[in-house]
Amino acid sequence: MAALSVRRWTPKHVAKWLREEGFCDYVELLCNRHRLDGTSLLALTEYDLRSPPLELKVLGDIKRLMVSIRKLQKNNVAVLEELGLPFDAHSPSGSGGSLDWLCNGESSRDCDSTDTAPVGEDYHQYTNGKYKQQMRRLDPECWKTVLSSIYVVFVFGFTSFVMVIVHERVPDMRTYPPLPDIFLDSMPRIPWAFAMAEACGVILCNIWMLVLLLHKHRSILLRRMCSLMGTVFMLRCITMFVTSLSVPGQHLQCSGKIYGDMWAKIQRAVAIWSGFGMSLTGVHTCGDYMFSGHTVVLTMLNFFVTEYTPRSWNFIHTLSWVLNLFGIFFILAAHEHYSIDVFIAFYITTRLFLYYHTLANTRAYQQRRRARIWFPMFSFFECNVNNPVPNEYCWPFSRPAVMRRLIG
């Protein structure tokens, strides 16, 4: 075998070499299961040994095997050059090792450890002459954004219809008085507070629309907003339909109201949908208490504004949180919802937002079968988003040019 060029080795030759070097335990894995021949053996790196599908677990074996491979590479430099894999005597991981060496558990593509920028890839050069690979371009996938927009519009329409059904089933206040609530019982009602809560929501919505307009990856942001908002409100449809709570205050003149035939119900649902369910637009509903839709909107807008603006924008982040918290306070001060309605809405919204973005930024879990089963919509919308979305801004229109230069 010594006279035979390594380039012409078959898996059987590699198996014999492994046995001679004392790695009998890996013959089955490398030669029988993965059909490693001479060429692929020369190209093998430590990153290959640590990563799927090999995933060797014994550190000592990994290091010893790499030492043997390095000796083999050193004796076959000419073959490596023919294969386009130049031998670097100072690289700790073999041919091409500058790209595959692990740095804190990650490939050097994520660490500034390469001295030359590979051809065909976008690398940023630091002042010390080293390179770091830039993140891949994020595909806006506008058609998915359109689907998510259709989804959230449908959910809002369905929510409006469920609110009509719930209004017909609202308990009679004479039979079912307001439930005991520590916060509501200890705080007098402020008549104008609910209008102030909606005003906080309108301000937050305008801030978010401005961020969305100027963000470079606005399509991905809008898709995430629509999918999350639609999912939370779909859950709200279920909870308020299953359980009908008595009204939280005597000031709410609510009684079971029959809207007649299906056409009348649809007309009322359209009125609620077109008015965004807000009292500022003249929409007044009863029975939709578990859980608070206003709290969901306030909290979701706050989290999106703070997530997709730079950490240094302290004023915007502080303003966003103040509007969110004051909006929640005004909802309770108006006695429009029980305290538990607001708490559950805040908890569900924040948890769903954080879970979604944690999964979106963790590629290892995103590709697993479990994610596709339990989070099919997430897997569909996020399958091609390979990196965390950076906070980059640009002017979306061609004019005025001064705005493009200022923001872009």
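Glycine too: its Cβ is placed from the backbone N, Cα and C atoms.
The domain 'SAM' annotation in TrEMBL covers 9-75. Annotation source TrEMBL lists transmembrane segment at 145-166, 190-214, 226-247, 315-334, 340-360.
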Tally of residues which DSSP labels helix, strand or coil - the domain 'SAM' (9-75) = 48 helix, 0 strand, 19 coil
Across the domain 'SAM' (9-75), the model's average pLDDT, rounded to a whole number, is 89
Near the transmembrane segment (340-360), which same-chain residues lie under 8 Å Cβ to Cβ, leaving out any that are not at least 6 residues past its ends?
-> 181, 224, 227-228, 231-232, 235-236, 289-293, 295-296, 299-300, 303-304, 307, 328, 331-332, 366, 371, 375, 378, 382, 385, 388
